């Protein structure tokens, strides 16, 4: 499981670098789909991952004020900071946790930890696809979503 998170983090970092090649107005421009812009979609990915992992840890959700993060540097700093906490938890993941139940306060519903882990992984991949569509719409090559040749095969 950790390998797929590492894949997501690697691709996210590449998207953050990619975003350095577009203007601030292009970064924030309202678009159809996703969360409405490159900036808000990347922040949403970061926020959702953190919220779900905090739920897995039995901690309360922390609301992140997405309006506070305007620049790629600010978004990247947030991603790196939260990723450290997430990685610490995920690196200690044990298979026997798969069927433990977790209550998601924001949905008023319970799910198994295994279901949540898989949801977090595919949630980011889904939104990466949206970023790729937008990149093509503005005539730019998107970040590769390919798992192969990322040095993660043996992780």
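Glycine is treated like the rest: Cβ placed from N, Cα and C.
Taken from TrEMBL, the feature divalent metal cation binding site applies to 44, 123, 127. Sequence-distant contacts of residue 127 (divalent metal cation binding site), defined as residues of its own chain at least six apart whose C-beta falls under 8 angstroms from its C-beta, comprise 34, 35, 41, 44, 45.
The number of other CB atoms found within 10 A of the CB of residue 123 (divalent metal cation binding site), across every protein chain shown, is 16.
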